[in-house]
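Here's the structure, in structure tokens; my notes come after.
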Amino acid sequence: MAQNEGKRLAGRAALRYVEDGMVVGVGTGSTVAYFIEALAERRDTIEGAVSSSEQSSRLLRERGIPVLDLNATGELALYVDGADECDPHKRLIKGGGGALTREKIIAAASQRFVCIIDPAKRVDVLGRFPLPVEVIPMARSHVARAIAARGGQPVWRDGVVTDNGNWILDVHNWSITDPVALESELNQIAGVVCVGLFARRPADVVLIGDREMA
Ligand SMILES: O=C[C@H](O)[C@H](O)[C@H](O)COP(=O)(O)O
């Protein structure tokens, strides 16, 4: 299956979790763009969306879907987002598009996290995709040294500024055998805003193309 076709099928398949009257949490990326396209068909039946990025907010508004403030909506029933990698326990690497922090906030505030991926995103062990870590700009070198001391190879995503005004380090060559422990450990480094590991709060449902992962 071509990768874009897998993304399109997954984006459409997520519609089956959308119920009338919902406020839907919406992630970021090329797979989510297909979901937003499909969600537009339901725009008159939902209340609106909480968005994880400026990019998704723009797409939602272009499709006539109201973008709401998470501070005003309360907890959400549903969050739909893509991922860069997914292991058999539905633990994820996210943040290839730089939206990891807002994505993690919405995932934490949602009862059900439906992750939409194409088959190429499945891995047995996380870490082939470089792990994104959002950092406060002044802490970039400090965090990079702390990560290198733990065996990772951090590379600054030079020129990229997140929606929160921060920078990103992409950590290469890490075979992440205990993602829950690593997520907790990296969160403790001063200057780290968010780690692109979604292991402590994995996805609840993973759609690979239009099929649900067991
Ligand atoms: O920051 C971006 C997000 O975590 C995306 O969900 C992730 O990078 C996957 O994006 P795509 O669907 O474009 O492969």
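These residue numbers are counts, starting from 1, taken along the chain as shown.
From the backbone N, Cα and C atoms, a Cβ is placed for every residue, glycine too.
Residues or ranges marked as substrate binding site by TrEMBL: Thr28, Gly29, Ser30, Thr31, Asp81, Gly82, Ala83, Asp84, Lys94, Gly95, Gly96, Gly97, Lys121. Under the heading active site, proton acceptor, TrEMBL lists Glu103.
The two recorded residues, Ala83 (substrate binding site) and Glu103 (active site, proton acceptor), have Cα atoms 10 Å apart.
What surrounds the substrate site, by Cβ distance within 8 Å of the Cβ centroid and not counting Thr28, Gly29, Ser30, Thr31, Asp81, Gly82, Ala83, Asp84, Lys94, Gly95, Gly96, Gly97, Lys121, is the set Gly27, Val32, Ala99 from the same chain.
The Cβ of Asp81 (substrate binding site) has Gly25, Val26, Gly27, Thr28, Gly29, Val32, Ser52, Lys94, Glu103, Ile106, Ala107, Phe113, Val114, Cys115, Ile116 as same-chain neighbours under 8 Å, each 6 or more residues away in sequence.
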